[in-house]
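Participant: Okay, handing you the structure first.
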């Protein structure tokens, strides 16, 4: 082929060569493309963005974040002392030492699960600062192709935040785990189902947490107004819940600064009351730090002691919200505030209540308020209600964020998502979901009336999510982290065994109330699974029926096809090839806009994508047709822009593409820069994709692996003798004028107007498919689609500029 060696000394001391794009048959040893107008040009230009280095966080900022996260993260876990003892001893305290056994279980369960597992292990398994089971799944998705949607592209790995590290790939167990996840479809499906089960439990928890927290806090009124009936307490709680959910539409931006001081006062209060009760009633409860009392507790109570674990585990509720909201804070700030703020206060509260109950075991049903000194009752009551509302707010916000993330995976029907803060993109409000959560919380409160039964339902959500988190963390340790297999085994055995014991305890009491979160979670899982299943099937159908290249060329060259002024943005899910709805449009309306852009909105398994790396383009066939394919890439936390802002950004990046694609073209032959080592890695990516996804990548879209041109420019700018060899020879005035004319033509057509073309596919089950498939597609999915938001509303597209093209798919 006659490669010309132009220079050595890139950042990896790799050989840089100039490659002629020629037929594959002549050079089988070099991964090359048939077309230069590929998505590669923009991907490499964008991929040159610098990583945000791991800058050391100052202690001033750490302390500030530590203070702020007290209000956001610890409302739920900090209000657990309101109901733990009453949920543990449902039938009263049978033996005084049972309190020591329960306290010992609380201390060591709290330490094991919240401190060891979540604060010092799980927080490190974050996805670029984002936490939660969903983030664990996306972290795994970046290191192994586990997505059920076959839309992976090699260009995605060029994004600066798409950092897989890959030094651990040399480990045999990492390769084994990667191979297992990518080649075994059953494993992919189970991993997906576990993830959506965990997210369904988190959403269900957003119903139960407000119910149990507010009911526990309001229940304290009985101490000062004993004539209040249970029903009256319930209706006061319902009224409080309605107000709580009603104010969600306003967001917490304006009052959020009050959360941290309120929760901090709450923690100081319960800690001080705990010290007071311990000194006044029984300092002997400190013996509970001896593990012997746990053994004695189970010996004495046997089966009843095992069942009581469903109440004990409520002491670490809120840990998943803590993990999920990691994105707003740093790991060090959470570890600092948790270790020196939350842990002492909460443990002192539990110790103090145990000391009080040693003398007043008959007050077990309302331990918290009975153990509070009379002079402190009203301040405690006010802070308890405020803290329970703040803790509930954290879970509601967590549910909104979870559903927003699920939509990016196409696992949830389209719902309206509003951003309640211009400053903080993570503050969301979803009207439909908010209404359903409010109705659910009110019905649970009215139906169960007591915190004991709601606590049993709450417990199953907590333990299910913890077990799934343990499984996902184990995969992360094997696939991503470079830790000893013995540490992985120790982690899995310790946490899976202990959490399974807690799970068995809550499942034993399934009929008492646990069916509520299970029923809600099963319902949500059915909705999410059906939605995702049909989306995957539709994508596979379109991928199998993409319009062949010669057919596209034939359509574009037809003389009866009229080119009308303006720009057409043709939205499609496909990132590869032309969708089958395009020729259907031409048959019905034999005209094409002067500039036609096939736009694919693609969400990547990373939290965010820099704006400079969002768009990648390629020409569809000849340049003079002015038909492009564009992929707009977003992270799962990135909000969608308004239509006008999106078009402006697309136009700007299209101008860059036109400039770059001509800059990379030098004369009659086409050349691009290529890094030899990087070439092999991208070639491997394509081979792996074809092998494991079962879908071939079309030849005209295969990308020539290369380094970012912008990075090479930086490297070579200080080396004049080498830089002269890289100068593009034919970028003369005539070439520059051609580029400017093409750019101006695009701008003129943009001024003529933009039309958004949406393919409205009517999905029906194939007549030869199974009965289950017909029920899923023709009934469940059809119902969900008819009752969710339209595509143009989700994309914020003006209705006056929308053109819908209907087509039927049989799957």
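Just so you know, glycine gets a Cβ as well, placed from its N, Cα and C.
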Participant: Look up the topological domain names in Swiss-Prot for residue 220 and residue 459, then state whether they lie on the same side of the membrane.
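Facilitator: Topology check (Swiss-Prot): residue 220 vs residue 459, same domain name.
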Participant: For the feature transmembrane segment as recorded in Swiss-Prot, pick the matching range from 23-43, 44-64, 65-85, 128-148.
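Facilitator: In Swiss-Prot, residues 65-85 carry the label transmembrane segment.
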Participant: By Cβ distance under 8 Å, which residues at least 6 away from the ends of the transmembrane segment (311-331) in the same chain are close to it?
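Facilitator: Residues 57, 61-62, 65, 68-69, 72-78, 80, 83-90, 102, 105-106, 109-110, 113-114, 117-119, 122-124, 126, 129-135, 202, 205, 209, 338, 346, 350, 391, 394-395, 397-398, 401-402, 424, 426, 455, 458-459, 462-463, 465-466, 469, 502, 505-506, 607, 637 contact the transmembrane segment (311-331) from elsewhere in the chain.
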Participant: Could you name the stretch, out of 65-85, 189-209, 255-275, 435-455, 483-503, with the greatest number of CB pairs under 8 A to the transmembrane segment (103-123)?
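Facilitator: Most Cβ pairs under 8 Å with the transmembrane segment (103-123) come from 483-503.
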Participant: Need a quick answer: max count of Cβ pairs under 8 Å to the transmembrane segment (460-480), which of 189-209, 227-247, 336-356, 376-396, 516-536 is it?
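Facilitator: Selected stretch: 189-209, with the most Cβ pairs under 8 Å.
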Participant: Are the transmembrane segment (189-209) and the transmembrane segment (516-536) near each other by the rule of at least 3 C-beta pairs under 8 angstroms (pairs 6 or more apart)?
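Facilitator: The answer is yes, given that the two segments have at least 3 Cβ pairs within the 8 Å cut-off.
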Participant: The transmembrane segment (435-455) vs the transmembrane segment (189-209): three or more C-beta pairs under 8 Å (separation of 6 or more)?
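Facilitator: Touching, yes - the transmembrane segment (435-455) and the transmembrane segment (189-209) meet the threshold of 3 or more Cβ pairs under 8 Å.
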Participant: Per the 3+ Cβ pairs under 8 Å rule, pairs at least 6 apart in sequence, do the transmembrane segment (65-85) and the transmembrane segment (336-356) touch?
Facilitator: yes
Participant: Among 189-209, 336-356, 483-503, which stretch has the most Cβ pairs under 8 Å to the transmembrane segment (255-275)?
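Facilitator: Highest pair count goes to 336-356.
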Participant: Sequence-remote contacts (6 or more beyond its ends) of the topological domain 'Extracellular' (276-310), Cβ cut-off under 8 Å?
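Facilitator: 87-91, 94-95, 97-105, 107-108, 348, 351-356, 358-359, 371, 373, 455-456, 459, 501-502, 504-506, 508-509.
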Participant: Is it the case that the transmembrane segment (189-209) and the transmembrane segment (483-503) have 3 or more CB pairs under 8 Å, with pairs at least 6 apart in sequence?
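Facilitator: These two stretches do not touch.
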